[in-house]
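Per TrEMBL, these features apply:
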REGION    1-26  region 'Disordered'
COMPBIAS  16-26  compositional bias 'Basic and acidic residues'
BINDING   C109  substrate binding site
BINDING   H127, H129, H211  Zn(2+) binding site
ACT_SITE  E154  active site, proton donor/acceptor
Amino acid sequence: MTPPTTGLPAENTTDNNDHLVQSDDPEHPANLIPSLCAKFWTLGWVTGTGGGASIRDGDLVYLAPSGVQKELMKPSDIYVLSLAAQAQSLSRRQRVYLRSPPVYKPSQCTPLFLAAFTKRNAGCCIHTHSHWAVLVTLILEQQGSKEFRINNIEQIKGFGKGFQKSGNLGYHDTLVIPVIENTAHEEDLTEFLEEAMDKYPDTYAVLVRRHGVYVWGDNVHKAKTQCESLDYLFQLAVEMKQLGLPWITDIEPTIPTRKD
Ligand SMILES: CSCCC(=O)C(=O)COP(=O)(O)O
Ligand SMILES: [Zn+2]
């Protein structure tokens, strides 16, 4: 699926480029963001307008409006931004939208989503306010820790090895997710998210203390499955903590002996 593109910044177009969000294809980003967010709402990931998702298709980035019920969005509510036009913009804070819905402001998460697209070439970035993510950051806060670490759990295999690396983590590998501190305004998280990406080049996610998590992937499928795997692991970790079980164990890899 290749959506049509004008390649022109918004001020050079004569209309609002509504065609960029009009498609019968359910896989078109303008259709997929509302349908994904409706699913995420049922998981408690985008409750009360919090959280959201953004998709990149080539140069075009599709974004939700700010402060709307994310599970009720329509394709006509979606913003479209050109990364190339944005890169040419003199001000990093001023965004160049090819398409803007008339009555909204763009999501406050926009600069964080753009960081995943520009620094990691991600195809999709998901931001959740999941209880499990927030609880894990609270447990880590008590421990004075800025990293979530877990190993020897099967679901760890749901994560890629890292940026520009092929294959997934193994059962015995340790999954490490950095934690950044929350800020009063979502946009102000950007510099800390970027710092965490630089410090942890292979991470596909960053936790935000007392707030939630940002998870990305090369495409929608990978971002969604990594986000699901991570939420599973966060829930498991909270329940393990309640049972007094450690997140890191020193189970040694064994060579399996198969008897046929
Ligand atoms: C109650 S949500 C506060 C803002 C936030 O954390 C968030 O993720 C949603 O921001 P948006 O601008 O996309 O509504
Ligand atoms: Zn948020």
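Note that the numbers count up from 1, one per residue, in the order the chain is shown.
The backbone N, Cα and C atoms fix where each Cβ goes, and this holds for glycine too.
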I need the CA-to-CA distance for E154 (active site, proton donor/acceptor) versus H127 (Zn(2+) binding site), whole Å please. 24
I'm trying to understand the geometry here, so how far is the Cα atom of the residue listed as 'substrate binding site' from the Cα atom of H211 (Zn(2+) binding site), in Å to the nearest whole number? 13
I'd like the per-state residue tally for the compositional bias 'Basic and acidic residues' (16-26) from DSSP, helix first, then strand, then coil. 4 helix, 0 strand, 7 coil
Cβ atoms other than its own within 10 Å of the Cβ of the residue listed as 'active site, proton donor/acceptor', all chains, total 9
Taking the center of the Cβ atoms of H127, H129, H211 at the recorded Zn(2+) site, which other residues in this chain have a Cβ no more than 8 Å from that point? G50, G51, T128, S130, A133, V134, V208, G212, V213, Y214
If you draw a 10 Å sphere on the Cβ of C109 (substrate binding site), how many other Cβ atoms land inside? 24
